[in-house]
Structure formats: structure tokens, C-alpha cells
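Undergrad: What TrEMBL lists as compositional bias 'Polar residues' is 1-17. The region 'Disordered' annotation in TrEMBL covers 1-22. The transmembrane segment annotation in TrEMBL covers 35-59, 65-83, 112-134, 146-164, 176-195, 215-235, 255-273, 305-338, 359-379, 385-404, 425-444, 450-470.
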Amino acid sequence: MSATTKPTSIETASSTAADVDGRTEGGLKKSLRLLFVYTLATGAIFTFVCYWDGIFLSYCGPGTWLGFLLMTAMVLPIGFVYAELSTMLPSTGSCLVFNTVGMNKHAGFWSAWLIMCAWLAVPAAGVLGILEWLNYQFLDNGLTGSYAVIVGAVLLCLWCLVSLCKNVVAGGLQTAMLFIAIGGLLVTSALFFFSGHWSLSNFSSFFANANAGDYGIGLGWIIGCAFLITPYFGFETVPAMVEEGTFPIKDQKKAILGSVLTCGIIYAIFYLAEAGCIDWNTYAFDSAPFVTFETLKLVFPDAGWMGWFVVALGIFGVVFPIGTSVLGFWYSAVRMLFAMGRQNFLPKSFAKCNRYGQPVIPNLLILAISIGFLAMQSITAFFDLMAFACAICYAMSSISAILLDVRHPEWERPYRAPGGIAMKVASLVISLAVAVFCCIGIGVETWVGFAGYMGVGLVLWCAMLAKWRVKGKDSTVWMRTPAGVIEY
């Protein structure tokens, strides 16, 4: 790492991160309350519960609820590390910032590119979920081909418009959708538990899973459990919104850790309730979506109200979770691209904002990429791609946290992860373990998609290398640190 402290005319970092960079016209506006940041992060994490239910239940069978509890415990150390890093380095960009400061600008770029692999896949995956639900519930699979792409593109345009509006619009919409979804899923859990069909006998084949035929029961279940990291990535969106928060920087930890715990508890309760009502001897383990709807119809075959309840569950169990997840990741990816433009990883035009303080070009680019991703029709390919990319990015951030502990113990840390460097080592080991087990279970289609995405990143990286070799103001990137604004 080559780093030099800039003159004092450029403002140094502070524990409040009150200012945006003076070299950028406009900028992000401070208008997000802690509740909005929590709901944006929790909504981003909150997975497509009643759409990806088939994937979860196929990967971990009756023990899916235990898999979620284990993954919650495994993700928490990573959350602790991100909570410390985000309060010490409170600038939009999260892993871009952490790994540039912790290692170098190349690590910063590639970690950002990896996490955006997951973030940018979410809008298209979400649209596919809504289209499949419409086909399942109302259209008898009549929405396909070019018509599906057109409807999907319209939905993506609506998300883009919301992202370009004031923060309070997105924050309020996210809060409403999230809490309605959580309430609806808890009601559904209660229906399963008290249906008269919930039985411990349905857990007799506890570790049955879709990978058992290839890897055996034990290893197959562990591989499936590793992929469950996908429903947890999203807490890293909190640092992406740090410059827009109206709350003390140290309170970021509440949004990061609170979002992980909230989602983990809801997942465990919901899938414990559902698994106890499924006849696992007849379950296909084929990752087909909407298992919850079919289970409800089997459990309550004579209930006249079940028809409208399944439609309502589709709204608060499919549409709302997808809406919150897409909006949270869209917001975060926009701010990652904004930071890359502002800090000389990408052209300065990426840091231009509209009158509401929303970056324009990043929003339009994400819209275009998401429409292109609609061609990737496999939901399991999306799922696996997100899991692997997130695990590698988390490992890189854990390495940076360890290096910063060693190199700069004097830097102010408004929040310190419990356990010190041991917690950071645990975060690294967990991230690498998840990545390894994901590698074992990833299919050819996912690897092809990942290689194509990384190939695009390689082209951008080479272009930046050429740009950085030219002497002048464009030859370095910069980051705010507790020691001031530093060039790398």
C-alpha cells in the first residue's frame, strides 16, 4: 500500500462523518433516520421467503430451521467486524473503503465488484419471483417470453424511479412493506403450528436434502447450509448509507446486528412451523418455488378462506419481501458506484446527483444491468452466485480488519467488536468455510455466469490501471480515515 496524507484543505474524517467530499458537485443528503437504515438493511436481508422456500427446503430439508439458526450464529461474527469497520471508516462504499484502507486499492475494487455481483443480481431475481408468482396465482403460466421481459422491465423502472426520489420516500415504503411482511409470516407460522397437522414425526429424516445423492446426507446438508448465507447478505448495506444518516455513527451497530438477528429469528420460526407440516417422504427436493402455498392447501383442504389467504400470503410473503430486498440492494449498489466515481475508481460522472441527492448514472446503469440479467432464468443459479460472491467479499473484509488492528491500533473505533482480533479471525474462518462449501455445490451454469461477470470486472480494472499510470490527480484514489484523507 502506498499512502500519503493529503493537505488539511481537504477535510479529515471524523466520528460523525458529517461532510461529503468538497470535490464533488451536489452529493448525498443527510435524511435517513436510524429506523429507516435498519428497515432498508433488514428489508435487503429479508429474503424471498415464500418464493425461494423450495430452494431452502430442498437444500436442508426438515432441518432448514436449524440451518438458519446456525447461519445466524455464523454471520454474527462477520456482522461484528462490519460494525467496527463501518464506525471507524464512516464513508459510503463499505467494502470498497474497508479493503482499500486495509490492503490496497486493487483489493478495494475487487471486493466491491464481488459484492455488487450479489447486489446487482437481486433486482432481476426479484422480478423473476414476482413474474412466477403472477403466473402461479393468476395467469396459468401465460406470462412468458417477450411479454415477461416487458413486464419485468416496467417493474424495474418503477424501482429506479423510487430510488431517484427523496430518501424519505424509499425509507417509508420500505418500513411499511417490511413490517407487514413480518406480521403476515408470523400469522402463517401460527396457522402451521396450530393446524393439527404439525408433528415431530415429520422431522424423523432431519437431514434429508437435495445434495444427498451426490455428496451423502451429512456433507450434502452442510453444503446446503453454506448456501443459506444468501438470505443473510444485506447487513453490509448499512455502511453504504452512512453519509446520509442523521444518527450517531456508533449506532450503526444497532442496524447491522439488529437486521441479522431479526431475519434469523423470523426464518427459524417460519421454517420450523412449515417443516412440521410437510410429508417429507413425498417431497420432491426439486427446488420448485411456492412450497408454502401448496402446504397450506394440503393442511387446510376444506377451509373456504384459504383461497384468499394464499393470495394475501403471496403479497406479504412474495411481493413485499421482494420489494424490500430489491430496494435495499438497489440503494446500496447505487451508493457503491457513487463512491467509486467520487473517489476516482470510476469516472466522476458517477458521483453526480439530482436535486434530491440521488446519484443519476448509477441508477440508470443498474436499471440497464438488471434488465440484462432477466435473461438468466434459473433461480438456483442466482442463489448460488450470490452466496459465493458474498462469502469471498466477507473474507476480504475480515482480512482488512485484522490488518488494521495490527497496523493502526491507535485509530479511533467508536464501536469495537467483542473479542478483539479473535472475533475477526473467526469471521475470516467462517467466510472461507462458507466459500469452500459453496464451491463444492455450485453448478456449471453458475460458474459460467460468474466468469462472465468477473471478465467484465477485469476489463474495468485494466482500464483503471491505465488511468492510474498517468501522473496527476487521476493517478490515485482517496479515502477518509481517522488519520485524515489519504491517497492510495
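Just so it is clear, glycine is given a Cβ too, placed from its N, Cα and C backbone atoms.
Here the structure is a predicted model, which means the values were calculated and not measured.
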Undergrad: Do we see three or more Cβ pairs under 8 Å linking the transmembrane segment (215-235) and the transmembrane segment (450-470), pairs being at least 6 apart in sequence?
TA: no
Undergrad: Which listed stretch (35-59, 65-83, 176-195, 305-338) has the most C-beta pairs under 8 A with the transmembrane segment (385-404)?
TA: 65-83
Undergrad: Are there residues at least 6 beyond the ends of the transmembrane segment (35-59) whose Cβ is under 8 Å from a Cβ of it, and what are they?
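TA: Residues 67, 122, 125-126, 129, 132-133, 167-168, 170-172, 174-175, 177-179, 181-182, 185, 209-211, 223-225, 227-228, 230-235, 237-238, 241, 245, 247, 252, 254-256, 258-260, 262-263, 266-267, 270-271, 274-275, 278, 283, 285-293, 313-314, 317-318, 321-322, 324-325, 327-329, 331-332, 379-380, 383 contact the transmembrane segment (35-59) from elsewhere in the chain.
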Undergrad: Of the stretches 65-83, 112-134, 425-444, 450-470, which racks up the most C-beta pairs under 8 Å with the transmembrane segment (305-338)?
TA: 112-134
Undergrad: May I ask you to check whether the transmembrane segment (255-273) and the transmembrane segment (176-195) make contact, with contact taken as at least three Cβ pairs under 8 Å and only pairs 6 or more apart in sequence counted?
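TA: Touching, yes - the transmembrane segment (255-273) and the transmembrane segment (176-195) meet the threshold of 3 or more Cβ pairs under 8 Å.
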Undergrad: With Cβ distances under 8 Å as the criterion, find the stretch in 112-134, 176-195, 425-444, 450-470 that has the most pairs with the transmembrane segment (65-83).
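TA: Looking only at 112-134, 176-195, 425-444, 450-470, the most contacts with the transmembrane segment (65-83) come from 425-444.
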Undergrad: For the transmembrane segment (176-195), find every same-chain residue at least 6 residues outside the stretch whose CB is under 8 Å from a CB in it, and list them.
TA: 39, 42-43, 46, 49-50, 262, 266, 269-270, 272-274, 276-277, 292, 295-296, 299-300, 312-313, 315-317, 320-321, 323-324
Undergrad: Near the transmembrane segment (425-444), which residues from the same chain, at least 6 beyond its ends, have a CB less than 8 A from one of its CBs?
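TA: Contacts of the transmembrane segment (425-444) (Cβ under 8 Å, skipping residues fewer than 6 from its ends): 74-75, 77-78, 80-81, 211, 215, 219, 222-227, 229, 380-381, 384, 387-388, 391-392, 394-395, 398-399, 401-402, 419.
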Undergrad: Using a Cβ cut-off under 8 Å, which residues of the same chain at least 6 positions beyond either end of the transmembrane segment (112-134) come close to it?
TA: 44, 48, 51-52, 93-96, 99, 143, 148, 151-152, 155-156, 159, 230, 233, 236, 289-290, 314, 318-319, 322-323, 325-326, 329-330, 332-333, 336, 340, 345, 366, 369-374, 376-377, 379, 382-383, 385-386, 389-390, 392-393, 396, 450, 453-454, 457, 460-461
